[in-house]
Amino acid sequence: MLQSLAGSSCVRLVEQHRSAWCFALLVLGYLLYLVFGAVVFSSVELPYEDLLRQELSKLKQRFLEEHACLSEQQLEQFLMRVLEASNYGVSVLSNASGNWNWDFTSSLFFASTVLSTTGYGHTVPLSDGGKAFCIIYSVIGIPFTLLFLTAVVQRIIVYVTRRPVLYFHIRWGFSKQVVAIIHAMVLGFVTVSCFFLIPAAIFSVLEDDWNFLESFYFCFISLSTIGLGDYVPGEGYNQKFRELYKIGITCYLLMGLIAMLVVLETFCELHELKKFRKLFYVKKDKEEDQVHIMEHDQLSFSSISDQAASMKDDQKANEPFVNSQSPTSNDSSLNN
């Protein structure tokens, strides 16, 4: 008897604080996922880092042995200056001296990466004035970009997602949830093909040192706004049509980012994902619900009738097979 009472009380306690328990599991799962990623990256990349360090140490010792007139301190000072310039996107190599990082097309590419928060880190402002302007430009430009992307995605998703789903649901009688799932999968496949696979194949041809995996890696890192900066297109030696190439990459990044947001919004509108997200949200208080009910009760009957009339007009406009007749023609037919 006591065990059954204790079990029922525990079940009631869990049900009452279900959202808190789900949120605690979400936090725990996220922390475990971070630890899992750290363990995998460390085990995979640490041996390669060790080999690279050993190779650089051997090259340095060999260079000092072949150039006895040069001290180790002088060499390290030179290398520090070279690495510092390289962090600013300026290379000391002769085969990269022809590429300027701050011409108009490169600056346009930099501005797009700043506003989209991609930030490759390959090219950064050199002067104090440029750094100050970058702060002001980003403070204004990033919210402006979010507003722009939100407005664009809101309009695109009406024609790309909502209307096709409603069309198959109303005209063909399919379940709306099933149609939404199939549509989201098809849209995701089309987006991956048009903005990942095809561009990766193009980049693998245009970039001499990139294979298909590296090109696909660049597309994913860019469109996910991670922007590690280890691969930046258009920086090769004697890149043909570099200005036009940079403008094309800028357009690709903006269009790809919009496509990614459309796909994410489409998946977020799925009924199953909405139910899953609600598990981790805080439930509204009853007082807030009553306030919302009072606000709805204060709606005038005239506004409701106007909305109903507009909905009827929209339904008639969307029925191409129904011929609308004017009142005069109906009166004449009745008189006859």
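The chain as shown is numbered from 1 upward.
Cβ atoms are placed via backbone N, Cα and C, with glycine included.
What TrEMBL says about this protein:
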TRANSMEM  21-44  transmembrane segment
DOMAIN    94-156  domain 'Potassium channel'
CARBOHYD  Asn95  N-linked glycosylation site
TRANSMEM  135-157  transmembrane segment
TRANSMEM  178-203  transmembrane segment
DOMAIN    192-268  domain 'Potassium channel'
TRANSMEM  215-232  transmembrane segment
TRANSMEM  244-264  transmembrane segment
REGION    306-336  region 'Disordered'
COMPBIAS  321-336  compositional bias 'Polar residues'
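Through the fold, the transmembrane segment (178-203) approaches residues 160-161, 164-165, 168-169, 210, 212, 215-216, 218-220, 223, 233, 252, 255-256, 259-260, 262-263, 266-267, 269-272 of its own chain, all at least 6 residues removed from its boundaries and within a Cβ separation under 8 Å. Counted with DSSP, the domain 'Potassium channel' (192-268) comes out as 54 helix, 0 strand, 23 coil. According to DSSP, the secondary structure content of the domain 'Potassium channel' (94-156) in residues is 44 helix, 0 strand, 19 coil.
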